[in-house]
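Trainee: Below are the structure tokens for one structure; questions will follow.
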Amino acid sequence: MMNADWRHRAACRDEDPELFFPVSDVGPGARQTAQAKAVCARCPVREECLRYALDNGLDYGIFGGLTERERRDLARRNRQAHTGGYTEDSENRVA
């Protein structure tokens, strides 16, 4: 199990948690996402944060500098890399 001590070193520890949970991808939400990612960009434990989100299936919010959509895409690419490109999603695609 991962030691959660990394959270004490996170750049976001003194930020408003709401910053990391934008309600949309456009307008103010897009600006909020950019602000949150700027905090993540300077974070010394960004990788640990991202790993935590991926390992725990966190569906909402910005973790490790990635949005939920970016984390889903990363997870899908990782699955494809480990399965030689085959995933359940690829089986259901229409050419």
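Glycine too: its Cβ is placed from the backbone N, Cα and C atoms.
What TrEMBL records for this protein is below:
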type	residues	note
BINDING	Cys12, Cys40, Cys43, Cys49	[4Fe-4S] cluster binding site
DOMAIN	11-73	domain '4Fe-4S Wbl-type'
REGION	72-95	region 'Disordered'
Trainee: I need the neighbours of the [4Fe-4S] cluster site defined by Cys12, Cys40, Cys43, Cys49. Which other residues of that chain put their C-beta within 8 angstroms of the C-beta centroid, in sequence order?
Mentor: Ala10, Ala11, Val39, Val45, Arg46, Phe63, Gly64, Gly65
Trainee: Look up Cys43 ([4Fe-4S] cluster binding site) in the DSSP assignment and reduce it to helix, strand or coil.
Mentor: coil
Trainee: Measure the Cβ-based neighbour count of Cys43 ([4Fe-4S] cluster binding site), defined as the other Cβ atoms within 10 Å of its Cβ.
Mentor: 20
Trainee: Same chain only, sequence gap of 6 or more: which residues have a CB within under 8 Å of the CB of Cys12 ([4Fe-4S] cluster binding site)?
Mentor: Leu19, Phe20, Ala36, Val39, Cys40, Cys43
Trainee: Around Cys40 ([4Fe-4S] cluster binding site), how many other CB atoms lie within 10 A of its CB?
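Mentor: There are 21 such Cβ atoms around Cys40 ([4Fe-4S] cluster binding site).
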Trainee: State the three-class DSSP label for Cys49 ([4Fe-4S] cluster binding site), counting H, G and I as helix, E and B as strand, and everything else as coil.
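Mentor: The residue in question, Cys49 ([4Fe-4S] cluster binding site), is helix (DSSP, three-state).
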Trainee: Which ones in the same chain are close to Cys49 ([4Fe-4S] cluster binding site), with CB under 8 Å and 6+ residues apart in sequence?
Mentor: Trp6, Ala10, Cys40, Cys43, Phe63, Gly64
Trainee: For the domain '4Fe-4S Wbl-type' (11-73), report the average pLDDT of the model, please.
Mentor: 96
